[in-house]
């Protein structure tokens, strides 16, 4: 019988038992990388990825049933954000450089992870820690000046709580299409038959998809994959990765590895997909964030830059750097303004898409296939496929997830 792990032991990515004390041992890739760097030689292909995987696997903390792995992507925002903001508060020029560089670095990391098709907690960690740290600075530096009333603090705190509640709901199941164990083998068999048993290439896969749809939906008793309420003429898709029939507007997320009903997009800020079941909560979280952020920025500017309107004070506040407390508050205001502008753009695109009843995925596919119309200066792509007018489109959106597809007793068993 294998012995249980002590608090400092763990099973590494190679399946071997290891100890925290040996975290600096057996680092062949790192040693080779340092040696090549000192001798000005290029690294072999994949060396950096192997080094990063090894480091990520060994960053752990002791725990009762064995050392627990720490997500490395969680750490940088917790350390770098306060350091950068405090340095930016030292001088106007430092603030200009840092606040200009931060969005560039975040966008660069986003495109890096997007190209590598990786899920990361960096953006969720950055967002949540930014909220917490801005609220801490507000309570520590702005409220003690005596220009913010208790009711205003309560209103700001209430908005923050509502936003976090909506965010928590948006983090839940977006509407994944489950693969039933009873259907999995039959779906795989149909897929193999369609690919290997037909001489018509892609036609074989399409045929197997149709057969799979009939097998699963013979009596329209299935679950969310094929719903009885959908029109007969609605197009169904066969997902070769999940081996199931997708209802109209569903899509496969390559980051989550699952199909999602009415897939809009994969949002890095919540580290999850936005789909039929959580799209309303996602819009609600963005709306609460915008209201709370603008309110907090206004209260801070009224305190730091007395006698000026918030818009004027944002660009002209002579006494902002007279003391470090004011400088830090003003720097945080600009950081919040940059983040709020980005989130405001996301919210605007979402509201326009809802008004035209089009998802981000459908707009992207329409651009690729040249089947959509650019409207409002390219802010929205109207596919015309599901657009039924402004009121009907919003009525459809507000009814999303209100009646989840029912699964029959046979499916449950």
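Just so it is clear, glycine is given a Cβ too, placed from its N, Cα and C backbone atoms.
Per TrEMBL, transmembrane segment is recorded for 83-109 (among others). When Cβ-Cβ distances below 8 Å are used as the criterion, the transmembrane segment (83-109) is approached by residues 122-123, 126, 133, 321, 324, 327-328, 330-332, 334-335, 338, 342 of the same chain, each at least six residues removed from its ends.
Positions annotated as transmembrane segment by TrEMBL: 121-138 (among others).
The transmembrane segment annotation in TrEMBL covers 150-167 (among others). Tertiary neighbourhood of the transmembrane segment (150-167): same-chain residues 131, 135, 138-139, 143, 270, 281-282, 284-285, 288-289, 291-292, 295-296, 299, selected by CB-CB distance under 8 Å and a gap of 6+ residues from either end.
Under the heading region 'Disordered', TrEMBL lists 188-213.
The feature domain 'Palmitoyltransferase DHHC' is assigned by TrEMBL to 235-363. Per-residue confidence over the domain 'Palmitoyltransferase DHHC' (235-363) averages 92 (mean pLDDT, predicted model).
The transmembrane segment feature in TrEMBL is assigned to 281-304 (among others).
What TrEMBL records for 324-348 (among others) is transmembrane segment.
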What residues in the same chain, six or more past the boundaries of the transmembrane segment (281-304), come closer than 8 Å to it by Cβ-Cβ distance?
134-135, 138, 142, 145, 147-148, 152, 155-156, 159-160, 162-163, 166-167, 169-170, 172, 267, 270, 274, 310, 313-314, 317, 319-320, 326, 329-330, 332-333, 336-337, 339-340, 343-344, 346-347, 350-351, 354
Sort the residues of the domain 'Palmitoyltransferase DHHC' (235-363) into helix, strand and coil with DSSP and give the three counts.
72 helix, 18 strand, 39 coil
